[in-house]
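Visitor: Okay, these came from TrEMBL:
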| type | residues | note |
| --- | --- | --- |
| COMPBIAS | 1-11 | compositional bias 'Polar residues' |
| DOMAIN | 74-203 | domain 'Peptidase M16 N-terminal' |
| DOMAIN | 231-280 | domain 'Peptidase M16 C-terminal' |
| DOMAIN | 366-476 | domain 'Peptidase M16 C-terminal' |
| REGION | 1-29 | region 'Disordered' |
| REGION | 269-299 | region 'Disordered' |
Amino acid sequence: MPSGCPPSTATAPGYRSLHSPMDDVRKSPEDARDYRRLCLESGLLVLLISDPDMRASCSVENEFLSNTPDGRGAKRAAAAMAVEVGSFADPDTAPGLSHLLEHMLFMGSEKYSGENEYGKFLVEHGGDANAFTEAEHTCFHFQVDPGSLRGALDRFAQHFVAPLILEESLDREVLAVDSEFQQALQSDHARLFQVQCHTARRCHPFCKFSWGNRASLVDTPAAAGLRVRGMLQDHFARHYRADRMALVVLGAEPLDALEHWTRESFAGLSEDGPRCSRQPAVPTCMPGGVSSGADEEEEGRRAEHLGDMMGELSCKAVGSSGAMSEIPSCKGGDTCDATEGAAPHEAAPPYDTVDTVLYQSLAVQADHHQLHITFPLPCLRAHYQSKPAEYLSHLIGHEGCGSLLSALKAQKLATDLSAGVGGTGFDRASTYELFTVTVTLTQHGLPRALDVAGLLFVYLAMLRRAGPLEWVFRELSSQNEVQFRFQPQASAQSTPRYSDLWLPANVSAARSDLL
């Protein structure tokens with residue numbers, strides 16, 4: 001049997017799984033994987049995934065790999081860690097610090113002190129790794145040949161247990177961050193995002209410079225008399241705690257073996273914070289076919305949620321010509337109305353939404369013209385079951401007869417339209433969501449961009465008058481059920497971004513108000 005392949009059975013002597021009620025998960029009938037969810041004594045949330053198909057391929061490894069030029073067609077084991085901290089936590093004296101820490105964290109650990117030990121091990125065993133920083137989360141992930149998971153997992157874990165954060169690595173990683181920033185300057189999407197940040201309320205962390213560059217990570221701290229390495233160490237100590245982390249491990253081994261390895265490798269993780277008392281606020285449908293649920297109070301509120309959201313989106317006055325009757329400008333307020341005792345951004349969206357519309361024109365690199373209309377909304381996580389944003393995204397983005405896009409095409413104003421809340425952590429955060437309608441304009445439509453916006457508001461007003469439509473919801477529910485059953489298996493990398501949303505409760509398949 002190849003090294004690292006699992007035995008036919010495995011146990012974790014001396015360990016007891018701290019299983020939550022989430023163990024009885026609903027998964028697709030087509031999903032052969034086994035799942036186990038744990039909360040370790042340190043507070044670390046863990047999702048273990050055992051793939052029997054990977055197990056079979058491991059037992060005939062040489063024959064399996066020979067079917068592909070480099071073995072990359074084979075299934076690979078993987079792990080990913082989501083940490084509940086992102087650029088929103090950056091200090092003003094070092095914008096981009098969370099991004100820099102993402103780079104610095106894997107430059108050696110006390111147990112594996114070589115700066116490139118982790119990366120070298122992965123390359124030698126058919127693997128790779130990456131990471132990204134978002135508004136409120138930082139995610140690290142790797143994949144590797146199934147037989148090498150244990151060694152890779154231990155090296156991965158040690159960077160969260162005891163990273164070195166070496167001074168001699170600092171200049172090189174600042175240069176890497178600065179290089180990413182320079183590349184982003186050429187991206188229309190990144191430039192548009194930075195305009196959105198710049199025009200946000202000054203008291204809201206959305207206005208922060210999240211990328212970081214040499215000026216923000218070297219010059220700005222130096223001007224304040226601060227050492228960047230010390231700031232990185234403080235940032236790590238404050239935020240990289242077990243009770244703010246969620247881990248996903250995908251391997252060929254049985255669940256007991258995966259649990260044993262996980263407990264062993266992450267035993268030294270910082271235990272500051274609650275012990276297995278975490279009750280994450282919002283669940284999600286897990287990629288790969290796991291679904292979880294919430295309180296019964298949600299049942300019957302679907303129409304109310306959808307109606308409220310339609311009101312949010314169609315609150316502007318619309319003239320008879322379809323154009324917005326007035327568009328006062330705004331440059332992003334310097335003050336926020338916050339609830340007493342709460343941080344300003346906890347009680348307010350990133351933009352002032354009261355009788356204010358921000359209109360900006362941005363030169364682009366691409367050879368097309370787009371109109372982006374963004375609606376700041378409250379966080380919709382509490383309504384994850386009825387999914388009001390997805391419902392409206394379907395109606396606004398519909399391309400059939402009688403749709404908004406068909407009307408725009410008939411007037412030769414646009415060629416494409418999409419709508420919804422983006423998939424990044426900057427579009428969906430704990431205090432807000434950004435619902436964006438993107439219209440690709442024709443040359444004829446470019447000078448009539450405000451008329452296009454006016455037609456959108458006419459359409460939204462029509463949806464509001466009609467109210468939630470039961471047949472539309474049923475159609476979407478049926479489509480989603482089919483997608484849930486026959487979805488392709490997701491990798492471990494795609495899972496932990498949402499792991500902070502798990503709840504220890506199950507969704508009943510009989511619920512009729514769910515998407």
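Using N, Cα and C of the backbone, Cβ positions are placed for all residues, glycine too.
TrEMBL: automatically predicted annotations, no manual curation.
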Visitor: By DSSP, what is the split of the domain 'Peptidase M16 N-terminal' (74-203) into helix, strand and coil residues?
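Guide: Split into helix, strand and coil, the domain 'Peptidase M16 N-terminal' (74-203) gives 64 helix, 22 strand, 44 coil.
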Visitor: What mean pLDDT does the predicted model reach across the domain 'Peptidase M16 N-terminal' (74-203)?
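Guide: Value for the domain 'Peptidase M16 N-terminal' (74-203), mean pLDDT as a whole number: 94.
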Visitor: Summarise the domain 'Peptidase M16 C-terminal' (366-476) as counts of helix, strand and coil residues per DSSP.
Guide: 47 helix, 27 strand, 37 coil
